[in-house]
Amino acid sequence: MKITKITTYRLPPRWMFLKIETDEGVVGWGEPVIEGRARTVEAAVHELSDYLIGQDPSRINDLWQVMYRAGFYRGGPILMSAIAGIDQALWDIKGKVLNAPVWQLMGGLVRDKIKAYSWVGGDRPADVIDGIKTLREIGFDTFKLNGCEELGLIDNSRAVDAAVNTVAQIREAFGNQIEFGLDFHGRVSAPMAKVLIKELEPYRPLFIEEPVLAEQAEYYPKLAAQTHIPLAAGERMFSRFDFKRVLEAGGISILQPDLSHAGGITECYKIAGMAEAYDVTLAPHCPLGPIALAACLHIDFVSYNAVLQEQSMGIHYNKGAELLDFVKNKEDFSMAGGFFKPLTKPGLGVEIDEAKVIEFSKNAPDWRNPLWRHEDNSVAEW
């Protein structure tokens, strides 16, 4: 079997799919994207295709190493996202050829279900509370929400009080009937993170995500030393070499590699094993589409330390398409009591509605994240 063609499709709301075709008619799908840089990743995918056309798709490990090492410059969000989507598609092909789900090819299940959590948007406490009530009606009891709006490098007590007030009202409304993580989204400087984490401790959030930017990772152990709240990070780390430094430094309790940013299934399985060796849990980052989610689920079901799975159903970014709009076998992604079950169809287990993908790709938006500014008109972290 040989790879004959690679096609990319930019899609709403902010996704990109790729299709790898073979001379035997077996097709694999992947999801390579950096949100806000889809065209750049698309160019990288097509550059990498020169290494892939005419090659045997079953040699996933060798093709991965070629894509990573054949170029003198390596790593980073663009290259690793391009590799990630290609890697997903290669695993999809292998599973279809062998008539087995990817998790079966990786040694089989370590669990029968995985807890999912849902994003809850809204700037006002009442909006967040209403959103949680709605999601509880369909079985969710675990959530994630923004921990704060933009904060200055040194901000005032009013900004801190506003963030804490939202969390306090949520805990008061639901008590211990729900769990929620707080995403600082890298918006908070190290000095302000110390203040905010201390103030939030009485409300027992499940975790705090990206308490500071990944490039300030030297603060993770310092922040962890002052709190009992687990710290989470990983969506802006792109290879096992990035994660190695964080694991060695300590401080992170929940690792969040993104299967569409950090080299795909091949790389993230290695990252999961590294995390387990440090007694660090795994909760793959996934505010993206169905192929990315499927890849995450296969890792979840073969990784002992996986504890939570993010998913984008109803997320506020999903303008123009919802999580399963391009999927034919929607029922395979159904949840019971807030848990996903293993996908059982061969490969990634996603049946893509290709006609719909082609149609929607004709008018795909160029999504960009908002540009925020502080009161003094300096650029704020989004």
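Here the Cβ of each residue, glycine as well, is placed from N, Cα and C on the backbone.
Keep in mind that this is a model prediction, so the values were computed, not measured.
What Swiss-Prot lists as active site, proton donor is His185. For the recorded site, His185 (active site, proton donor), the DSSP three-state label reads coil. Under a cutoff of 8 A between CB atoms, and with a sequence separation of 6+ in the same chain, the neighbours of His185 (active site, proton donor) are Asn146, Gly147, Glu209, Glu210, Glu381, Trp382.
Annotated active site, proton acceptor per Swiss-Prot: His285, in sequence order, evidence recorded as similarity to another entry. Neighbour density for His285 (active site, proton acceptor): within 10 A of its CB lie 25 other CB atoms from the protein chains shown. DSSP classifies His285 (active site, proton acceptor) as strand under the three-state reduction.
The feature Mg(2+) binding site is assigned by Swiss-Prot to Asp183, Glu209, Glu235. Around Glu209 (Mg(2+) binding site), taking its Cβ as the centre, 26 other Cβ atoms fall within 10 Å, counting all chains.
Positions annotated as site 'Increases basicity of active site His' by Swiss-Prot, on the basis of sequence analysis: Asp258. Cβ environment of Asp258 (site 'Increases basicity of active site His'): Ala84, Gly234, Glu235, Pro284, His285, Cys286, Leu288, Ala292 lie under 8 Å away, each six or more residues apart in the same chain.
Residues or ranges marked as site 'Transition state stabilizer' in Swiss-Prot (evidence: sequence analysis): Glu310. Counting only same-chain residues at least 6 apart in sequence, those with a Cβ under 8 Å from the Cβ of Glu310 (site 'Transition state stabilizer') are Ala116, Tyr117, Trp119, Lys144, Gln256, Ala283, Pro284, His285, Cys286, Pro287, Cys296.
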Report summary line: CB neighbours within 10 A of Glu235 (Mg(2+) binding site), counting all protein chains shown, number 22
Requested in this report: Determine which residues of the same chain, besides Asp183, Glu209, Glu235, have their CB within 8 A of the center of the CB atoms at the recorded Mg(2+) site, and list them by sequence.
Outcome: Lys144, Gly181, Phe184, His185, Glu210, Ala232, Ala233, Gln256, His285
Query raised in the report: Just counting, how many other CB atoms are there within 10 A of the CB of Asp183 (Mg(2+) binding site)?
Result: 19
